[in-house]
Amino acid sequence: MERYTKFLKERAEIELSYAKQIRNLSKKYHPKRSREEDSRYTWCVAFAATLQQLNELSAQREELAESLNSQIVSELSRYTQELKAERKTHFQDGRRAQQHIESSWKQLESSKRRFERDCKEAERAQQASDRMDLDNKTDGEKARQAAQQKQQAAEESRSFYLSSLSRFNQDQQQHYHSLVPVIYQRIQDMEERRIERVGDAMRASAEAERKVLPEAGRCLDAMMDAAQSIQPRKDTRQVVELFKSGFDPPGDVDFEDYSATMRRSISESSYLDNRTEGRRHSRKLWPFIRKNKLLTLLSSPRQPPPPPPTSPSPGGVANSPQSPPTVSREPITQRLNDLMTSGSRTRKQCLRSLKRGASSPADCSNLQPEQRRKKLQSRIENISQEIQREREQRDALLKMVQVYQLSPQLGDVDSLEPRLEEVKQIPDLLRLTCACGPQVWLSDADSGASEQGSRRQSGGCGPDGSYTEDHSAELHFKSRSSEFDDDFEDEEPLPSIGTCKSLYPFQGQNEGTLSMVEGELLSVVEEDKGDGWTRVRRSLDEEGYVPTSYIKVFLDSSAKGAMTYI
């Protein structure tokens, strides 16, 4: 019984460990917040449903372990203690019966030896009496009396021996035919009940596991349904809808007859720009390359670093507004040529220096038409949800006002008036913001999409601020785009080339910059390339650019001196 109870305990521990590992596995692969956008795809939804059902399976295994512990193991432990007490009682009865028969046997043996001794003494006394009668009649009388006494004692011993013998035979008969068989029968019954209880426990454990099988089967059926709900065509169409640009495809390019002496005509459906007569222009760079943000990045204004503050105090820098950066544009051809003719590391550095000056306009005009429309629609939906939340809060406050008016002891109505006025104005402000901002921009985007074809045919720029450049720059860029993408996407963290100490605090507000406090020690991973910025690293996850004039740089040769200086 104890062995089987121990087996069930270990079985329950195994079930609990299995359930814990399954739950941890499900939690490990459950979609994180950073990948919530994947929930729109059917295979991601199916995988999430599979993880959920796996979590349900772990709950079923935990329920099985709980049933084994609470219903079977605890009952068997209690029953084992009862069996031990009953077994002890039976053994005590057996020992008492054995002691009684042994005591009766000892009494029989004692009476037997006493009878034997008395008989021998009576015989010796009789012989002594006979000899005395022959030799001396006076002493013979005394000897006869002694012999008679011995003979009487022998008779008494004989009687006691007979009674002891009879009593022992009765005790022996009762011991072997009544007491001991009853004790053994009770022990046998106890063992049969123990074996039956083990069988009941086995059936109960199997029944407990059988109860979780329907739920486990339901979880497996749900997994099968989730797998069957995957729709590859729907997922790919969602990807298309998510990333489509909204540009119109180009028209046919007309044949240009160079053999004619007359001036060639320019087709309205071609990509040739007629802004400068006699000059050949290339087609608009089409945003089908893998990094279509590259050209927007290259054409974005480059922001110079702020000048060092006159006062090294943190408050002086934080409170003094910086002058707006001057915007300067470089010809895209020159910047493309400089970028593509440089080495891999130089190209990465160039992209980083360009990226920190890039900014996203509020009207999302830097995005493609379709992406801009989706972005603006998302903003409008968020504003609508915020308006709905404010309305619900206003309704809740109005209900509180009514409650306070009916029951003044619950609260003061006047305390809710400021908040109620504020909540009433917020939806109007949000609607005004939406009407003056995203809705106007969305209307412009919709109207721009309808007019895009005519603008394309007339050689103008699209609403996304597209541009045209020399055909040679386009070809040169396309020929090396894949090489550049591989270099930029497979970028590894740059090694530290030294350290630096911040002389002034700096608040990094642009993308790619890093905030720092005065006196902070940072690692230098990229020197100033002449643009006034130095790339530094605080940890593996915190890296960015800081103004060179705000720090004091110590390269590898003087890094120890920097530590001493700090």
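Please read every residue number as a count from 1 along the shown chain.
For all residues, glycine too, the Cβ spot is worked out from N, Cα and C.
Keep in mind it's a predicted model, so treat the numbers as computed, not measured.
Quick look at what TrEMBL annotates:
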type	residues	note
DOMAIN	1-235	domain 'F-BAR'
COMPBIAS	120-144	compositional bias 'Basic and acidic residues'
REGION	120-155	region 'Disordered'
REGION	298-331	region 'Disordered'
COMPBIAS	302-312	compositional bias 'Pro residues'
REGION	352-377	region 'Disordered'
DOMAIN	366-443	domain 'REM-1'
REGION	445-471	region 'Disordered'
DOMAIN	495-556	domain 'SH3'
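In the predicted model, residues of the domain 'F-BAR' (1-235) average a pLDDT of 89.
Assigned with DSSP, the residues of the domain 'REM-1' (366-443) fall into helix, strand and coil as follows: 70 helix, 0 strand, 8 coil.
Across the domain 'SH3' (495-556), the DSSP tally of helix, strand and coil residues reads 4 helix, 29 strand, 29 coil.
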